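Colleague: Before we start, here is the structure in question, set down as structure tokens.
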Amino acid sequence: MKVMALPPRPLLRHSQMSSTGEIMLLQLTVIKVMITRILSVETEFHAKEKYRDIIKILLKSSDIESQLTCMFQNSEKLLSHMAAKCLALILYFQLKEKITLSNSWISFCQKNISEYSESDKVVYCLWIVTFVIKEIFKDTSSQKTEILKQFLTPFDTLFEVFYNSLFSQHFENHQDASNKLINSLICFLELLELLIASRIYLKLHFTCQRILFLKASCVFDVITWPIQAFVKRKLIVFIKKCLLCKVGEDLCQGSVPVFMPPDNLLDVDLLALASAVLHAVDLGLLRILSVRGKHSCFGGGEVLAGYEHAPGPDHVILRALSLLIIRSLEIKFQNCASANEMKVDYQRFMSELLTFLKPHLQPSLQSHNLCEWLSRVFIEQDDDMLEAAKALLGIYLKLTRMFQTFKEWFWLERFWLPPTIKWSDLEDHDGLIFVKPSHLYMTIPYAFVLIIIRHFFQKFIASPLAKTFGIKEEVQKKIIPNAVLENFFKHSTRKPSQTDIYGLAKKCNLTERQVERWFRIRQNQDRPCKMKKFQESCWRFTFYLIITIAGIAFLYDKPWVYDLWEVWNGYPRQPLLPSQYWYYILEMSFYWSLLFSLGSDIKRKDFLATVIHHLAAVSLMSFSWCANYIRSGTLVMIVHDVADIWLESAKMFSYAGWKQTCNALFFIFSAVFLISRLIIFPFWILYCTLILPLHYLQPFFSYIFLNLQLMVLQVLNLYWSYLILKMLKRSIFTKSIRDVRSDTESEHEEEEEEEEEKEEATEGKETDRLKNSLGANRHLIPNGQHGC
């Protein structure tokens, strides 16, 4: 009835306009259908060629792009939208057919996007660019990277200008943002997501793809804008996807490669974005952002009356914010070298995040289980939970697994090599092999092999040899079991005082002499026998003899043995010889085997010095190997091994009771030891390692550390020289040689055996005297008065 009341002329004009609009919609629909058929793989080839010819004729006959852009301001929204869609399809068709894009379209975009304005043209320009990029992503051909590059080239710098203009908006007096601004913001966020996705998956490099990463701080200003909550949510989710490198995944399903090659520039940009996120949190992002609102529902936020949900937090934002902070921390820690800085940042940001989450999680988090928040926040989204767990695990490994950082620091070239020398200079080339620290791993299994060989050697070679020398297995005297004395022996002392003996005798109803004898026999049971000592010395003698002969064979023709200047000629680019490898590895394996068998070997008074010596030897050889001091290292080993042969042989004859042979060998050992370690080592080896390198190189860390270790070794040599001179003095004045390194118990072994013989003789005499004095009247002794 109202329409009928209108004047007839306006009604006619409206009818004409409607008819024109419908015709234009029909024309646009036909264009859309033809281009869609051209792009479809299901269209027959002949039909596709006809459609292609028609569209090309249309493009040549008229400036259709300009006509379509003019429709963007039409009051009929359907017509404007259809025009934009047709223009987007035409642009994509031109790109596929390698037809140059119209200058009118490029000029139109440059004019409207160069600076933000509240116009529908801006929204349509952004929408068209977004649509074209989506179509390119959907393309299955191998040329989509080139197509997208051709399309984005005219707009590269243009998007950066629009980015700065859009995010520099200011609102005063609680002014609400317009719908056109919100539409432009949403369209531009979608475009940014596609640009970043093209960088990740198509490996394109444009300035516009880095805008968000390099200027992320201004994006967080949107949080303070007077706009709807869903726009802020979209922004936060978008940044989360950028940090996770999951932008555009829905467009790349089935075409995402399993392995993505590393992109160092992308890592730098992710670090910048993560730093911007953490900076925004520092400035109060969590305090400004409101997460209260309506629950998200499929089909919109409106619900029927009577089905309203109680107000609560938006869990989408809670999950996104939590993952945003966790992922930002992980990225920052991946590029941080300070453990203390990482711990401080982790505690600070996670504390702020938990403070933000607690009011929104009901029931509240328990103080004894703060990790509960992870499942409470991400329980409804498995993908986000996995990403959060992955990020937290990465942070944990970074904070706790500092060994890798220490390893990198430990192998810094400035510690090991002279200035200007790199580890790459010591890589194998042209058939030359250089030392590698990994070679030292073989010393451990070889050490266990030597322990096994030692076991069979002592059993099948050393033991028969000992019997040939007259050494027999000693049968230990058995003691009468006594729990009181055994407990005192194990937990109090092995050598009780006279007061202890008196008290123990009263407690056990024994004589003091019986208690003393019990302790003496008990001590002898733990004392190593001569057979074991001989076996140990025989094994060491055999190894030192073999390794010394091998060392002489390896070194006799080497120039650096006769000319010490050759030790440093070409250092450190000195290749490794096979003879040097085996000489070093066997020597180190032997000292490792001695360290591993310390628990079963005979313990002497110099036990601590022995441990220090073995550790110093292994450390010195390992260090000299890693720093390629092989030539000087072989000289150190041969000088130290040559004296040990005579020492072990002297001990073997000492245990066999060949005193004169032992004395002669000990004097030879003393002379060789004092000459090799107090003359040759300090005035030849130390001179070679301490003075000569200064003519070739400037002092550096490994040079200083090497000589410090050699000086520690020389101090040990001085200590053992003192012991040797002490034994020589004792030999000269007492005409006997005893190893002053022996344990205190074995030091008095012979004296105690003599005491036992005297006691047995005394007891025998007393028994005879009693027999003679009592005669037949032995029964006169009252009961209970017999000796114990």
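One-based numbering along the chain as shown.
Each Cβ is built from the backbone N, Cα and C atoms, and glycine gets one as well.
All TrEMBL annotations are machine predictions without curation.
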Colleague: Scan 78-96, 439-457 against TrEMBL and say which stretch is down as transmembrane segment.
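Modeller: From TrEMBL, the annotated transmembrane segment range turns out to be 439-457.
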Colleague: Give the nonlocal contacts of the transmembrane segment (700-725) in its own chain as ranges (CB under 8 Å, at least six residues past its ends).
Modeller: 414-419, 606, 609, 612-613, 616-617, 619-620, 623-624, 627, 629, 636, 669-670, 673-674, 677-678, 681-682, 685-686, 689-690, 693, 740-741
Colleague: Taking the transmembrane segment (439-457) as the first stretch and the transmembrane segment (581-599) as the second, find out whether 3 or more Cβ pairs fall under 8 Å, excluding pairs closer than 6 in sequence.
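Modeller: Yes, these stretches are in contact.
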Colleague: Apart from its near flanks, which chain residues at least 6 from the ends of the transmembrane segment (667-694) lie with a Cβ under 8 angstroms of it?
Modeller: 564-565, 567-568, 571, 629, 632, 635-636, 639-640, 642-643, 646-647, 649-650, 703, 706-707, 710-711, 714, 717-718, 720-721, 724, 728
Colleague: When you scan the chain for residues with a C-beta under 8 Å from the transmembrane segment (537-556), skipping those not six or more beyond its ends, what do you find?
Modeller: 450, 454, 457-458, 461-462, 465-466, 579-580, 582-583, 586-587, 590, 634-635, 637-638, 641-642, 644-645, 648-649, 651-652, 655
Colleague: What is the pLDDT of the domain 'Homeobox' (485-529) when averaged and given as a whole number?
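Modeller: 78, rounded to a whole number.
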Colleague: List the helix, strand and coil residue totals of the domain 'Homeobox' (485-529) as derived from DSSP.
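Modeller: Within the domain 'Homeobox' (485-529) the tally stands at 33 helix, 0 strand, 12 coil.
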